[in-house]
Amino acid sequence: SVPRCYLNKQLATVRVLKGEPAELSCTVSKDNVTGTWFKDGLKLTSMDGVVFEKKGFVHKLIINKAADIHAGKYRFEGGDVKTEASIFVEDPPQVDKVLLKNLTSVPTLAKAGEGVKLRIPFEGRGPIRATWLKDRMELGDDTRIRVDKTDTCTTLSISSCDRRDCGDYKVRLKNDSGVLEINLKLMVIDKPQPPAGPIKIVESSANNITIQWKPPKDDGGKPVQRYLVERQQVGRSDWETLGETPRSCTSFTTSKVEEEMSYYFRVRAVNAEGASDALESGEVKAAGKASPGAPDRPEVISASRDTITISWKAPRKAGTSQIMGYIVQKRKKGTVTWLPVTNVPVKDKKLKVTSLKKGVQYEFRVAAVNAAGTGQPSEPSEPAFARDPTKSPGQVQDLKVSSSDSTSVTLTWSKPEVQDGNDVKGYEVEMRPCNSLSWTKCFTLPAESTSCRVQGLQAREKLFLRVRALSDSGPGEALELEACAGAAAPVVSPRLLIDDTVKSFLVIKAGNPIRVKIPFEGSPEPVVTWLKDGLPLPSRAAVSTEDGSIQLLLRAAEFSDSGTYTVELGNGLGKRETFSFQVQITDIPQPPGAIRLEENVPGTVTVTWDPSASEQWEKNLYYTVLKRESQKGLWHVLGDLIYNNKFTFTRVVPGRDYYFRVVAKNDLGVSDPSETVQPWRIRKTKAEFLVKAQKYRGVNQNQPPRFLVPLKPHVVVSGSECHMSCAVGGHPPPKITWYKDSRDLSRDPNYFCTNDFGVCSLVVLGVTKQDEGEYMVEASNEVGRAFSKAFLAIKGES
């Protein structure tokens, strides 16, 4: 007998990239065997790009450059030998290498407000699905962002960039042969955000104020170069530039302060793109000195041959503790040495200085004393002689304002009642503002009559006036006007001076201050009334009127502060003017409430959720609904710009698990998500059909199982679904059993098996590397059994 030929090495399945070489080879036990090659059941005699080669016991099929026509099942037959294998030609998505290097190595730069377009051409076997992702979420079209795709290119367009668009982007190109992911970085350059607050007051003394802040949370994509510091005195409208600090210094000290004066400070961060909005401080007050200030110069009340009596007033600035007394000093006129009058501080503000030399002229000064020490001394008093006085004139009588206009007042009075032969030579008229203790002379020379007109006043100015008689023996006792006399101003109807700085609609972030300042005019000074939604302002609101401006201030805005604010001016003469403006308080929305899922219509799922708490104050709030099909899969947007609390998803695949997520959005950002914890699934029901079999008399209808369409090998990407199917005939209808590596899959929940009139399917959900292997389907009935096998190969995502 002739020895049989055996197969020493069988063919092996080959996966090859399009354009690359491929080779199938087998080894037989005899070198004189002439082999024949088949492709998809057809005998190969010649084929473009294919070479058949035999070297001794080895038979080879060589493909120089694999193309789509070379994919299929190959069989070698020679002598007693048969062996089969498949060639899979893969053509995954590809991008030009130079372009790919340029896109991934250098970030794409764009300026805020400008448009940007990212275009990526690609090649590969169609159809190719292109997906753009940012922060693991798929990008879809909206008012600013648009994703376009053709058969050879995909483009991401952003019409107006802002800092929210910064970050890492991913382009995923996917077809049946594989996946290509390209990681891109987009950098949007803008001015920095304001420095992080609040502004802290590190030091506040009589000479210095030191403030401190934190760097901005977002530098705009360019390093902060410096900080600009400005100051505004409370009650004024203009801001003064104090200076700037380098980026490494976030504190500033100014010595341009006045004791017990209040200021506002603001700081801006500056980078190459410009200056940020300002971070403003609250009101900061410079401290007073610890020791008292200087009193006004003492006044000489009376004198005798060896005594002089003086008096003085307490200093305007008492320091940080109570005044305990005064140090009184004297000196002879023309000398520089001051001598103490007493050894201990004088508690009263009046002192009779004794033991003076007759006929000598003296000067006196006073310094206040508190717990911190002795303050600055006053200016010297007017020189006075130690001598017996001549009788000074008495006090003038009936001092009053006889008339006034917008720039002057006219005073009249009567001569002192008792003159005792001491003729009055004239009258001294003095005045002082209501907010000052210093008197100044109204005229260079004394008034000769008992009336005078004080001119050069400003409208609505109020002041104190006093008059004293003068004689050869000296001045008499002054008489003050009992009430503040004011120059009458012309009547000016109240009017609000609305300009570009006064906005009719304000959007304020919660926690930031609300400060509205409106200039006005009117005489007499109008009465200002503030209302919110027709009711009085909340107790937190602070209103002020000074220097021709009215101001509303709420230091930390709350959501309840949203509404219509109205300011009304009235002058008591029936003239009124009003101005209203809207304030909207907003913030990043709070997350939606619990999610509920219902199947109101078969084959759909209705997603409902409790509204976000932010709906109470945010009119422009809307929702976005997302879904994913596994616990670790990517989220995909189902619906956006949803202004109610309900969304219906119609493309539900029975038997598949779904998870849902809802987020709230507004102009400031996106809330935290609200998600479902348990998966949602619609069970797949099998349709029931009644089949009436035909009756044949005298004919045996039994047939053994046979495969009309056998199983085919599959190559799929990890994470996707795999559908395997075949067609079976036979009578009685065969029982179908699926196996993987000889393991029965009937009770395995990871596999979904169906048999619809002999068309048998196996669905593998979310394949992993463990699902790779040989699959077999067995068809059996009482007449016989039949089998069909195929191999499932798993390719990981690239």
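Placement of Cβ uses the backbone N, Cα and C atoms for every residue, glycine included.
As annotated by TrEMBL, compositional bias 'Low complexity' applies to 402-414.
Annotation source TrEMBL lists domain 'Ig-like' at 3-74 (among others).
Annotation comment: TrEMBL describes 194-289 (among others) as domain 'Fibronectin type-III'.
The feature domain 'Fibronectin type-III' is assigned by TrEMBL to 294-389 (among others). Averaged across the domain 'Fibronectin type-III' (294-389), the predicted model reaches a pLDDT of 89.
Among the features that TrEMBL reports, domain 'Fibronectin type-III' is placed at 395-490 (among others).
Under the heading domain 'Ig-like', TrEMBL lists 494-586 (among others). In terms of DSSP helix, strand and coil, the domain 'Ig-like' (494-586) has 3 helix, 55 strand, 35 coil.
Among the features that TrEMBL reports, domain 'Fibronectin type-III' is placed at 591-688 (among others).
The DSSP breakdown of the domain 'Ig-like' (705-788), given as helix, strand and coil counts, is 3 helix, 51 strand, 30 coil. According to TrEMBL, the feature domain 'Ig-like' maps to 705-788 (among others).
What TrEMBL records for 278-299 (among others) is region 'Disordered'.
Among the features that TrEMBL reports, region 'Disordered' is placed at 372-414 (among others). Applying DSSP to the region 'Disordered' (372-414) sorts its residues as follows: 0 helix, 18 strand, 25 coil.
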Quick test of the contact rule: Cβ under 8 Å, at least six residues beyond the ends. What residues does that give for the region 'Disordered' (278-299)?
194-199, 201, 204-206, 209, 211, 213, 230, 234, 257-268, 310-321, 323, 326, 364-370, 372-382, 437-438, 513, 515, 555
Residues of the domain 'Fibronectin type-III' (194-289) by DSSP state, where helix covers H, G and I:
0 helix, 50 strand, 46 coil
